[in-house]
Amino acid sequence: MHRLLTLRHLVHTLIFVGIGLAAVLNVPFAGCAYLKIGMLRLVCPVGFLETALASHSVPWQLVPGFLCICVLIFVVGRAYCSWACPASFLGTQLRKLSVRVLPKSFTKPFSKKFGKAQRAVSARLGTGKGDAFALLAGLALGIVLFGYPAWSIICPVGLVSRGLIEGIVHHVLRWDLVLLLLPILISLCFRSGWKCACPVGTVRGLLATPNRTLTPLPDASACRNCSKCARVCPAGLDPIRETDPQLCTKCLQCVDACPFDALSLALLRSKKRNAPHV
Ligand code: SF4
Ligand code: SF4
């Protein structure tokens, strides 16, 4: 039942360890932000856009690598966000640790209260993915005007990657890890949490718009409408009705969580969805 979850944890752990090893061995692999393979420089799409906007020019040497990443996103959508992102890995591990170390009498009411506050704030503000794109566009304008890499300030992937590399190589804790509070605070405004404040996820979401692969497929005859899949979805989707490629991170938690095996993994989504009647 939870084979997908185990596999995802394994891939995550390998990537996290890989970032640390690359830092020690001096391999140019900065938290999935940059990897040089021969002549090809694979670069994070946000890093590419930020460089272009800040320098008011096209960094041509990065264009082939950027296009390769775009093709990858077209093929597997936002899978990076749940299968490889070091910030997402760190968040999961911290959550697990807090459940183990802190008393349940504290963690349960806290997560309940945070979830409740998040739903109340996002419902009041009526924020959606359009607002996440607007936030990103505002920062992009700031980068053009001031030539300062503003996306990096709130980018959890960059903050965690830099913190990890600095910690392993120089044994120091970077002060800018405190900036992780920014996306956490912004996350209060969105039903899909801190991922909405992540420029990497948002840009990948935009590029993933035409993606149609690896989606949860509901089986109308088996589904009992228990909504468990919707409750576990970290992107705030209801997988039996919508699989928005801009938001779905292919984590497949919904497939794992369904108690009636009514969700399966479709390699290619067809236009007609076999959703159950309510
Ligand atoms: S797909 Fe599974 S988890 Fe989702 S509503 Fe149907 S029975 Fe419940
Ligand atoms: S719809 Fe399923 S696969 Fe997509 S983000 Fe939600 S839980 Fe993950």
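Heads up, the Cβ atoms here are built off N, Cα and C, so glycines get one too.
Computed from a predicted structure; not experimentally measured.
Annotated transmembrane segment per TrEMBL: 12-37 (among others), in sequence order.
The transmembrane segment feature in TrEMBL is assigned to 58-80 (among others).
Long-range neighbours of the transmembrane segment (132-160) within the same chain, counting only residues 6 or more positions beyond its ends whose Cβ lies under 8 Å from a Cβ of the stretch, are 31-33, 44, 46, 49-50, 53-56, 85-87, 90, 176-177, 179-180, 182-183, 186, 190, 194, 196-200, 202-203, 206. The transmembrane segment feature in TrEMBL is assigned to 132-160 (among others).
TrEMBL lists 172-194 (among others) with the feature transmembrane segment.
Averaged across the domain '4Fe-4S ferredoxin-type' (214-236), pLDDT for the predicted model comes to 91. Per TrEMBL, the feature domain '4Fe-4S ferredoxin-type' maps to 214-236 (among others).
A Cβ distance under 8 Å defines the sequence-distant neighbours of the domain '4Fe-4S ferredoxin-type' (239-268), meaning residues of its chain 6+ beyond its ends; these are 1-5, 8, 76-79, 81-83, 129, 192, 195, 201, 205-206, 208-219, 222-226, 228-233, 275-276. Look at TrEMBL and you will find 239-268 (among others) tagged as domain '4Fe-4S ferredoxin-type'.
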What does the DSSP secondary structure composition of the domain '4Fe-4S ferredoxin-type' (239-268) look like, as residue counts for helix, strand and coil?
5 helix, 6 strand, 19 coil
